[in-house]
Amino acid sequence: MDNFLALTLSGTTPRVRQGKSAGFRWRWLGHGLLELTPDAPVDRALILSAGIHGNETAPVEMLDKLLSALYSGSLTLTWRVLVVLGNPQALAAGIRYCHSDMNRMFGGRWQSFAESDETRRARELELSLETFFSSGQARVRWHLDLHTAIRGSHHLRFGVLPQRDRPWEADFLAWLGAAGLEALVFHQAPGGTFTHFSSEHFGALSCTLELGKALPFGQNDLTQFSVTSQALSALLSGVETSTSSSPPLRYRVVSQITRHSDKFALYMDAQTLNFTAFAKGTLLAEEGDKRVTVTHDVEYVLFPNPAVACGLRAGLMLERLP
């Protein structure tokens, strides 16, 4: 199964759906779904996902290179792994999504969207995670969902962590720093993301990794993310990564800007970078007689997007943590 990406993009079902490779067994579970199980018993399970948005290709290329290293035997596997290429049709078309944003649908939220390929895929991925985690006895469960951002950013690589009732484990946060993430953003409320679903329903330590800017296949400079790729290789092979000399900055979400109607106006232009700072009192958005302003001394914007569908998030506002 050294052609997993090509099969996924072409929508082709492989003639052989399972087999053995260098120290592990593999099973093709469906389009964009591949399970890897080491020959030796392990108590760690990892979801490695990318391509939830079809125009975010750099992480997909990174995963393809990692799989090639595993199949060639140059990389040893020490985790049970489920590799997920989230939205095969959008990946093949080179578009963010075909109908609706899948990363708003998880945790059963797909039921509130008009039925589409994305709603069916979100349901399929939920069931795939259920099967994967229930079929093993993993003591450690991680989910790394690899993305790229629509906009540029003051932090080239950053992580977004779902709301979690329990404290985050130090070794997980340390690994994120070792993977080159310059900032970590902590959600304070539930959401429909893939990582919130895996964290809430399966207790996984989950993070959305944002790695640079969305570009078409073949146009990515993967050297920008070599530190992340090296950290993933070390993780898969069970090699401890060195702690980052400069730990990631930490932010928490303090508010969400939501577009409710066509009267919505977001006062940020196309050049506004993620993590741009705004001073207290700054007018951020208006919708009819409703005004959204900065309420803390300084707030930072994340994922500003005035063109979202009504009812969806047009941006997050953050505050820096000590």
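Using the three backbone atoms N, Cα and C, a Cβ is placed for every residue, glycine included.
Annotation comment: Swiss-Prot describes Glu210 as active site, evidence class sequence analysis. For the recorded site, Glu210 (active site), the DSSP three-state label reads strand. Taking the Cβ of Glu210 (active site) as centre and 10 Å as the limit, one finds 26 other Cβ atoms among all the protein chains shown.
Sequence annotations record features per position, and here Swiss-Prot assigns Zn(2+) binding site to His53, Glu56, His147 based on sequence analysis. The local packing around Glu56 (Zn(2+) binding site), expressed as other Cβ atoms within 10 Å of its Cβ over all shown chains, amounts to 27.
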Among His53, Glu56, His147, i.e. the binding-site residues, the one with its Cα nearest that of Glu210 (active site) is His147
Given the Zn(2+) site His53, Glu56, His147, its other Cβ neighbours within 8 Å of the Cβ centroid, in chain order, are Ala50, Gly51, Ile52, Gly54, Asn55, Pro59, Arg96, Leu146, Thr148, Ala149, Ala214
